[in-house]
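First up is the structure itself, then whatever we jot down about it.
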């Protein structure tokens, strides 16, 4: 084995050891704990379980379909249209994705008080439109427009050219986006808990309910096993789709492919505008709701809510959130960047190794945050830093997905040129990779920070009552009676949203390429 | 002593890209590695640079085996087909990169950068962004960048192929002068004969992973090792001939080729081997006539050769398609292949 391969293996150890210690072990423990008591078969053979699976898959599939349909016009506009206000559009569509689940849940509850399945599907789709628009749009912007023009010249209608030339070219991105979105929707926790209550339950919320309220560990463990198996299957499908996407492309610079829309293309632009309005309605509704009782809710943030619902003043939870998110981001950057470096360096012959690491890094995204949180409690319960660790686990895959495409886009010969000029491998990394990907690293960090800030599932499990984060505090405020609590919750949501939007604006300014996936 | 390759073999899985190559480049010499695309020449270059690990054989510099020496310690400069300049640095910083890696101080760096930019004809370009340069300018910067740390050996991978023809020919002449002027030892990979013959002191012909012939440009051009090599060097028609006292006679007539050993040989004919000439002894019918840059290219059907042969005629005047034409052999377009040719491997 060469020194280079050894070095890569050494680098790969860091994320792998972290995953083993802070993901595999807790999850395995909780599963083991549940499985040991038997009764798993009962759960797996019960009709209730399969109704649950059916609902989980059904709502996820429906939400994925809605997200893909809504995301496509946006992807088209992002990729192909040179129109004023594109920067703003980019910012606006990414806001829903990084909004904390609690905020989204609350927003849809304000919008559709009767809720039900429709609100769950819409809320999950709302979250993920950005994933579709950016993943597909990123690829679309870099595909050669001339293939389409050749089809038109050969007599194909605009629609025919789209279905026979463009669609096959961007299909891998659609597939990969759909797989990720499906994953997010199937394991979505905060939204379903808030909108479904006890009536509509998915595997994820059922695991939570059984663990926390029924203390039915074997049942929860059995469901977790089921969920992990399903998640792995989806991830493998996604990895296969991605592999095709990265090998089969003749990429062009995006500026060459964007131009002013003409004729029928304006219809697509109109559809995109409609989607955008749809995305903004819950956000605006939330702001309106927070101001419905004047600024009382905002003023109350200095306190602890009706009859001391919170153990600390709400503003203090902001501090907790910022601190935890900072720690989580630093940790996740260390893990994510090393992983991205390893993945970008794995040679074609050893693609399987790279795919394995890639999938391993994505698994935490799909495993029940509740399972992870509970696993942490029984294995690592004495550690004081559980919240940042869990958050780092959640955001590392996002950081990898943001940085990796940029590193992969760097021509290997640029590194070789630096090498022949006397730069050692470390120096090559600093002078070429870091210099070229620096901005995207900062963007990835900002992105991870925002998501960590809004993380609800695992954090709600792990945050100590005397030190909740802002989303956890919102969850608590909304679950207790009291007008003031309600107003505080909405005000806190707006606060969280503002922080999020500010961060997204900064990230957008730093973006150098649109190839990143989220 | 310079560079020596012995038995170098590079495999990708089951395919052998480079097979048992022996080759040497003397100090101060420019060797061109010429071959069709996919023949393994770039792989061989990468093996010399240390970017590819040979499965067998040795790469030596001044007698020292380089197998354990990493890319950045070899002191070999590399110029890619498309420059591969660092897009985030200006021209001066690109050229200074290697000097910086070698710990040269700022003042000396700046002097060397100025010196090299002047050498490649880009004086005053120091602060320009590399993304704003034309292809030819980028390639000049890439050359200056590779030369700046005074490499022991300069490796050029199709250095001019990405440029358009006029620029390519100009830059080939400039590059040849520059390599001589700086006394650089260089290995140039190219698929273009003109480029190889303009730049190189010696040419090594590579086909299907093997070196087929090595020699000075005029020898390789005039005495290719076999018909396959001759075919790659532009010979389209082959006829048997008999050499005697420096004159080779064939069905197409006799031609003066001094230095040809007596006996039977094969003649490889390039397009310009047959010229339309009213005095010519060979008669044929023009099947096709095409305009080329500085002559007309004819396709002529002869009685004595099975398939139509190529010939040249003046741009202005007859013959046209369907005309009868007389042709004469021109020694400039004739290559001699000795049946028992023993190739002059190093």
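Any Cβ shown, glycine's included, is placed from N, Cα and C.
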Checklist outcome for this item: Per TrEMBL, the transmembrane segment among A:53-79, A:296-322 spans residues A:53-79
Checklist outcome for this item: Answer key: the stretch among A:262-288, A:359-379, A:385-407, A:434-452, A:488-507 with most Cβ pairs under 8 A to the transmembrane segment (A:328-347) is A:385-407
Item to check | Contact call for the transmembrane segment (A:262-288) against the transmembrane segment (A:434-452), three or more Cβ pairs under 8 Å | outcome: no
Checklist entry - Same chain, outside the transmembrane segment (A:385-407) by at least 6, Cβ under 8 Å from its Cβ: which residues? => result 15, 22-23, 138, 324-325, 327-329, 331-333, 335-337, 339-341, 343-344, 358, 361-362, 364-365, 369, 372-373, 376-377, 433, 436-437, 440-441, 443-445, 447-449, 451-452, 455, 458-459, 462-463, 469, 512-513, 515-518
